[in-house]
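Following: one structure in structure tokens, then a few remarks.
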Protein chains: 2
Amino acid sequence: MEHSAALVPATLPYYVAFSQLLGLTVVAVTGAWLGLYRGGIAWESALQFNVHPLCMVIGMIFLQGDALLVYRVFRKEAKRTTKVLHGLLHVVAFIIALVGLVAVFDYHKKKGYADLYSLHSWCGILVFVLYFVQWLVGFSFFLFPGASFSLRSRYRPQHIFFGATIFLLSVGTALLGLKEALLFKLGTKYSMFEPEGLLVNVLGLLLICFGVVVLYILAQADWKRPSQAEEQALSMDFKTLTEGDSPSPQ
Amino acid sequence: MEHSAALVPATLPYYVAFSQLLGLTVVAVTGAWLGLYRGGIAWESALQFNVHPLCMVIGMIFLQGDALLVYRVFRKEAKRTTKVLHGLLHVVAFIIALVGLVAVFDYHKKKGYADLYSLHSWCGILVFVLYFVQWLVGFSFFLFPGASFSLRSRYRPQHIFFGATIFLLSVGTALLGLKEALLFKLGTKYSMFEPEGLLVNVLGLLLICFGVVVLYILAQADWKRPSQAEEQALSMDFKTLTEGDSPSPQ
């Protein structure tokens with residue numbers, strides 16, 4: 001019984017389900033905001049700007065967050081399958097975010113607006129470049145068949161730390177973007193508790209909740225993916241020793 | 001030699017020094033911004049608002065961050081001394097932040113402005129309440145002499161996770177506040193690369209760097225404070241066993 005509990009921790013599925021509920025709610029509320037207060041979404045029109053927040057929330061928040069959770073959710077699959085899924089989810093997230101970036105630069109160009117003057121845009125470019133570099137370095141170390149076992153072991157904690165950091169920076173950048181969109185449109189009306197202001201504030205809190213729940217799932221030491229036989233033999237811990245369990249392939 | 005390296009990891013002091021340099025720069029740049037572009041600081045005048053960003057940056061960013069680093073910096077002192085310092089730094093941070101909060105509410109009242117309508121204010125109140133609750137719960141578990149060893153062990157990871165989360169939320173809330181201060185004053189002039197806009201953008205990036213460096217120091221497993229003799233005997237790990245070291249009181 002303790003053995004099976006070690007394979008799928010009892011409360012993990014509930015936290016994962018909650019994270020997905022939050023993530024989908026974030027995407028839905030973003031869509032609702034753009035539909036209700038910003039005229040909806042289209043590429044070839046003044047609505048092109050609205051492609052930006054929706055794509056960034058889907059790519060850089062929801063899918064990036066889910067890519068981080070892959071190792072907690074898929075616990076029995078082969079390590080390589082899980083790795084490929086993790087890498088692929090990041091590729092899809094990256095492409096969707098790229099569409100969102102092209103949308104805002106193209107919109108600015110058509111309107112004659114300046115680019116890259118705001119804190120939101122500085123953070124956004126920084127995060128996007130870091131995200132791309134992290135993917136490239138991760139790919140070279142973990143999927144490309146060159147890196148040695150010891151090199152991978154030394155890079156792994158750095159990859160995890162910077163992955164979580166880039167995800168949190170994405171959430172922070174989204175909050176700055178929401179604030180910018182509100183203040184440019186509402187101005188001092190923001191202080192009159194306009195419905196759009198309240199909705200976007202709620203969206204901001206939901207984004208924070210999604211970020212915190214994903215981070216919480218990642219931070220639980222007991223919820224980490226169990227090592228596989230060959231790795232477990234190398235990293236067998238004290239608990240296993242004291243309990244007299246031999247490391248099993250599962 | 002490896003033993004002394006385990007006591008003070010070779011590169012930790014450089015990271016800590018860098019974090020302090022960043023933290024002091026953040027405080028200095030905040031002061032410079034308020035002095036150069038906002039008329040400086042005073043309580044009984046329209047400048048009362050400016051007390052708010054300065055106090056929040058000193059309390060909720062710099063001192064809160066330093067309080068988290070106490071367990072990494074003071075490695076040889078008695079656990080209790082370190083705990084008390086950790087708790088006291090948080091008290092000082094809390095009091096300074098409280099002054100910053102009173103300043104903005106008092107300023108709003110005098111000017112007849114609405115309170116608590118923005119995402120920045122919602123996040124700010126949430127973080128401040130969570131910070132207070134975290135301190136109270138931490139005090140009851142770790143300093144008040146009632147909690148058992150096993151209760152403390154179970155609560156410790158939660159305390160660490162939520163401590164780091166509250167710190168990161170403080171950084172995020174500060175970024176939202178900077179953005180709000182800029183957009184209300186500069187409006188569309190923000191897009192003309194005004195010097196104030198650029199300075200505050202740089203301040204935002206410095207805040208992010210401070211947050212990331214503090215988090216990086218906290219996240220390094222090797223940099224955690226070594227357990228003391230009585231605790232080490234209980235949590236002795238595989239590495240110690242394989243190296244044949246007996247847990248020493250240091």
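Any Cβ shown, glycine's included, is placed from N, Cα and C.
Bear in mind that TrEMBL entries carry predicted annotations, made automatically and left uncurated.
In TrEMBL this protein carries:
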type	residues	note
TRANSMEM	B:12-36	transmembrane segment
DOMAIN	B:18-219	domain 'Cytochrome b561'
TRANSMEM	B:56-74	transmembrane segment
TRANSMEM	B:86-105	transmembrane segment
TRANSMEM	B:125-147	transmembrane segment
TRANSMEM	B:159-178	transmembrane segment
TRANSMEM	B:198-219	transmembrane segment
Problem - seg_contact(the transmembrane segment (B:12-36), the transmembrane segment (B:198-219)) with at least 3 CB pairs under 8 angstroms, min sep 6 - result: yes
Handout entry: Stretch contact, the transmembrane segment (B:198-219) with the transmembrane segment (B:56-74), Cβ-Cβ under 8 Å, 3+ pairs
Key = yes
Exercise for the section: Please give the average pLDDT for the domain 'Cytochrome b561' (B:18-219) in this predicted model. Expected result: 96
